[in-house]
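**Student:** Please read through the structure below; I'll follow up with questions.
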Ligand code: UD1
Ligand code: MG
C-alpha cells in the first residue's frame, strides 16, 4: 500500500444555502457536515489530512480542532484552486491523495477505502468516484469515449443539452497520484461558465498526458449526495437519520417509529432499550440497556444507565443512573446527577443538583444547586430558594429527610439527617438531624364567623 493523504475542501461560502452559517458547518443529524467527512476519512489509514479553509476559517478550525492540518484559501477561485493550497504541505510526497468535498456528509469510509484500492489496482493517475442517478441536475457529468473510458468531466453550467442527459455524475471524491495531481493543477484554466478553476479539469489534463484515468462506480447514490442548498440538506438529514436509526436497530434497540425519532450521529444506545416516537437524542448521549425513552423526550449530552425510564421529559448534560424514573414532564438541567432508584415526577425541575439513591421528588418541585442525600422524600410543590437576585446558594438535604409539601428551603441551608420539615414551612435556618421543623403561621379557626358576617349585613 502506498502512502495515503487526504484533502478535504471546506473553503466555500455556500451561497446557495442563503445562510449566515458557512455551508460545511451546517449540521446533519446534529453534526456539522465537514465533521462527518473528517470522521469518516479519519477511519482510514491516512498519513496526513489537510482541510482547505477560507470562508469561516476560524469557525471551521474551532470545529475540527487538531485532528487535521489546515491550508488557507484566501479567495475562493474554485475547487482546483482550493486543492492547490495544500501544495506546500503535500506536493513533494509520493503516494495517493484522496480529495473529498466537505459538503458530501454521507460518504462512508468503506467506499473511500474501496476507491483507494481500485485506484491502486488499476495503477491509475486519477480515479473518480462516480454514480448513476436519475436526477443528475447540478452535478458534473462523466464523459466517456466510445471505448467507455473516462475522457473528462463537464460541469452542469458548461454542459451541452446532450451532455446534460448523461446520468453518470462526478461525486466530488477522487483519488490522485499525488505528484501528478499537483503538476496537473498548474495547467487548469478558468475559462468556463463560472470563471472558476475546476478540479475535475485535472482529469482531462492527465488523460491528455496519456496517463491512466479510471472511474470507480459506486452503487449507493444516497452516499454521494452533495449538499448545496437546504433541499439537499433536508435530504441528507433524512438519509443520515435512517442510517443511524437502522444501525441502532441492528444493535438491538427498538425504535417504535423510526421516521419520528431523531438520534444524533454520536449517540450510543445499548440493546433492549425502547425509543418511543417524537424523541430527539443528541450530542454525546449514552443510554444503557433496557431503558425506555419517550415519547416526546429530548436528551442532549446525557449519560443514562440501565433500566431507566424517561417519559415526555427534557434532560440536558446530566447523568441519570440505573432504574430511575423520570417524568412525565420533568426538566433535568445541566450538571445534575441522579443516582439509582430515584423517582423524578411530573413538573419537577432539577438544576445542578445531585439526588441520592432511592430519593423521590414526585410532583411540582424545583430543586436547584442542591445536594440531596439517599432515601429523601421531597413533597409536592417544594422549592429550593437558591437565588437572592445576585448569587446562588447551596441547599443540603441529608439522607432520609422528609420534606413536607409546599416547603421553601431558603439557601444556604442544611436539613440534617433524618429530619422532618412540616408542610408549608419556609425554612431559613439549618434543621438539626432527626428534628421536626415547623415554620408556618399557627392556624386560627374563628367559630361562627359566617353567621356574624351575615348579621352585620
Ligand atoms: C462539485 C464538482 C462537481 C461535482 C459536485 C459533487 C467542481 C468544479 N465541481 O460541484 O463536478 O459533481 O461537486 O458534489 O469541482 N470549495 C472550496 N473552495 C472553492 C470552491 C469550493 O473549498 O474555491 C469547496 C466547497 O466548500 C465545497 C466543495 O469545495 O465543500 C465543493 O464545492 P461546490 O461549490 O459545492 O461544488 P459543486 O457545485 O457542488
Ligand atoms: Mg457541492
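Along the chain as shown, residues are numbered 1 onward.
Just so you know, glycine gets a Cβ as well, placed from its N, Cα and C.
Predicted, not measured: the structure shown is a model, and the values here were computed from it.
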**Student:** Of the candidates 333, 440, which does TrEMBL annotate as part of the acetyl-CoA site that also includes 386, 387, 423?
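**Tutor:** Given 386, 387, 423 bind acetyl-CoA in TrEMBL, the matching entry from 333, 440 is 440.
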**Student:** Taking the binding-site residues 103, 386, 423, 440, which residues show a Cβ-atom distance to ligand 1 below 6 Å?
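**Tutor:** Cβ < 6 Å from ligand 1, in sequence order: 103.
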**Student:** Select, from 103, 228, 366, 387, 440, each of the binding-site residues with a Cβ positioned under 6 A from at least one atom of ligand 2; if none does, say none.
**Tutor:** 103, 228
**Student:** Among the recorded positions 23, 333, 363, 440, which residue has the fewest other Cβ atoms within 10 Å of its own Cβ?
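**Tutor:** Comparing Cβ neighbour counts within 10 Å for the recorded positions 23, 333, 363, 440 gives 440.
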**Student:** Measuring Cα to Cα, tell me the gap between residue 333 (UDP-N-acetyl-alpha-D-glucosamine binding site) and residue 386 (acetyl-CoA binding site) in whole angstrom.
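**Tutor:** Distance between the two Cα atoms comes out at 15 Å.
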**Student:** Quick one, of the binding-site residues 366, 387, which Cβ has the fewest other Cβ within 10 Å?
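**Tutor:** Each of the binding-site residues 366, 387 was scored by Cβ atoms within 10 Å; lowest is 387.
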**Student:** Among 386, 387, 423, 440, recorded acetyl-CoA binders, what is the largest CA to CA distance in Å?
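**Tutor:** Largest Cα to Cα distance for the acetyl-CoA-binding set is 22 Å.
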**Student:** Counting every protein chain present, what is the number of Cβ atoms, excluding its own, within 10 Å of the Cβ of residue 9 (UDP-N-acetyl-alpha-D-glucosamine binding site)?
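**Tutor:** If we count other Cβ atoms within 10 Å of residue 9 (UDP-N-acetyl-alpha-D-glucosamine binding site), we arrive at 26.
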